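One structure below.
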């Protein structure tokens with residue numbers, strides 16, 4: 001029963017108007033009863049339904065909280081207008097047939113017009129917005145190849161579905177033209193084939209038939225027999241067996257054999273009981289159910305149940321990783337406990353020597369494994385086939401080498417690690433080859449160093465390898481200074497001889513040469529820095545690409561020049577230093 005909701009203002013106004021006359025009467029029990037009966041009759045269909053202000057029937061089964069209009073709506077009678085879209089909130093949506101213009105061009109002009117694009121000469125956009133390739137001379141200056149004007153696109157108000165309509169602006173006439181063209185081609189092929197059959201010019205199996213090619217082309221898209229592809233769910237459902245497969249109920253016709261359930265098409269037991277496993281390819285569906293990870297999962301479920309009974313809250317479905325880790329820890333602790341118990345028993349009672357026995361093959365010097373050999377000693381039959389690790393030959397020792405080719409690498413070259421030789425299929429020279437290739441002196445046969453000295457030398461070599469070029473350079477300079485001081489002491493102690501004077505002259509010449517090289521290195525470093533500064537000032541698009549640069553290790557003079565010219569950040573006078 002729907003009662004109209006009247007606004008408060010209208011109630012106050014009616015009271016003010018009725019104050020002069022009689023007071024409004026309340027509904028009696030009989031009136032409420034009649035209204036209730038009328039509502040029940042409308043629901044039963046014996047009385048016509050209520051009509052709203054527009055003349056539309058109101059369904060009597062609509063609940064009261066839906067049919068009753070709110071007080072602020074201002075309805076005087078039964079209505080459902082408040083449940084419909086309100087006209088003031090409705091937006092004008094573009095019609096389905098209206099769409100953006102596609103494939104059409106605007107007017108084509110022969111001269112440049114004011115306000116057009118300076119690049120292509122088309123009206124509707126500026127030079128900055130032009131999508132055409134920038135011309136060397138724009139259309140504003142030569143008025144050549146002026147592009148057609150842009151079409152003014154309509155402003156469309158699209159809803160959610162209208163924005164995502166893939167077929168908006170589609171012209172069916174375009175597709176009919178394509179169908180007609182293919183139809184003409186097929187008709188022409190059919191006419192040629194009929195003409196060939198009539199004239200008897202068709203070759204038997206020599207010329208390929210176009211229809212056969214088309215059938216082969218589309219044969220791949222045909223579904224496999226016994227399958228059903230559901231495009232909505234994107235799954236393949238196997239609803240029929242392949243005709244070549246043997247039906248399960250035909251595998252064993254004995255009625256007392258494995259039971260076949262026709263409703264589920266399943267046969268749990270093995271229909272070939274009593275036969276060898278090599279003679280059949282189907283062992284029942286229980287065989288498949290108890291293979292793979294199903295047994296492991298069943299054990300995990302049992303472990304979860306046992307753990308839950310003992311107070312550990314864990315579930316296989318909710319926390320599989322936690323359960324697996326717990327099971328792994330439990331198995332490890334169980335194995336450790338078993339091992340500890342067996343070790344304690346062996347320590348207490350002894351008998352550990354009886355457990356460490358060799359295999360039966362070694363004890364009896366015979367085995368039942370059957371192996372056949374060829375006359376050359378090669379195993380023909382019986383031995384286990386070795387797994388092939390690579391398609392290339394492995395562990396091939398050339399000549400008298402004790403290592404394979406490629407076991408040693410230095411300076412971008414491969415060689416043998418036994419002699420450090422870089423020539424393939426060469427003769428192995430052992431330690432002598434290592435010393436010759438590394439540049440180290442060969443050890444004499446008479447003098448043999450003790451192991452302690454050898455270890456000290458190896459440690460020194462490792463320390464030298466870890467040192468940088470700068471540290472090695474400084475050490476060499478210190479060694480040279482020590483040599484000079486020793487020679488000066490020898491000069492003061494002993495009389496100067498002709499040999500010592502010649503050596504000192506040679507050293508002075510070497511020192512002058514070194515200073516000269518250092519001076520040249522400083523000049524070269526200054527020129528390289530100036531060239532780098534000039535190159536950084538040039539635009540990177542105009543810089544030259546030097547691909548013939550030869551990268552070499554720096555000399556001692558170049559390192560010393562770099563140390564001299566290097567700007568140190570911790571130097572307080574670095575800001576006043578002009579390079």
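Backbone N, Cα and C atoms are what each Cβ position is placed from, and that goes for glycine too.
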(message) For the feature region 'Disordered' as recorded in TrEMBL, pick the matching range from 165-196, 197-228, 229-260.
(response) 197-228
(message) Are there residues at least six beyond either end of the domain 'CCHC-type' (117-130) with Cβ under 8 Å to its Cβ atoms? List them, or say none.
(response) 106, 109, 138-140, 143, 145-152
(request) Quick one: average pLDDT across the domain 'CCHC-type' (117-130), no decimals. (result) 94
(message) For a three-state summary based on DSSP, what are the helix, strand and coil counts in the domain 'CCHC-type' (117-130)?
(response) 0 helix, 0 strand, 14 coil
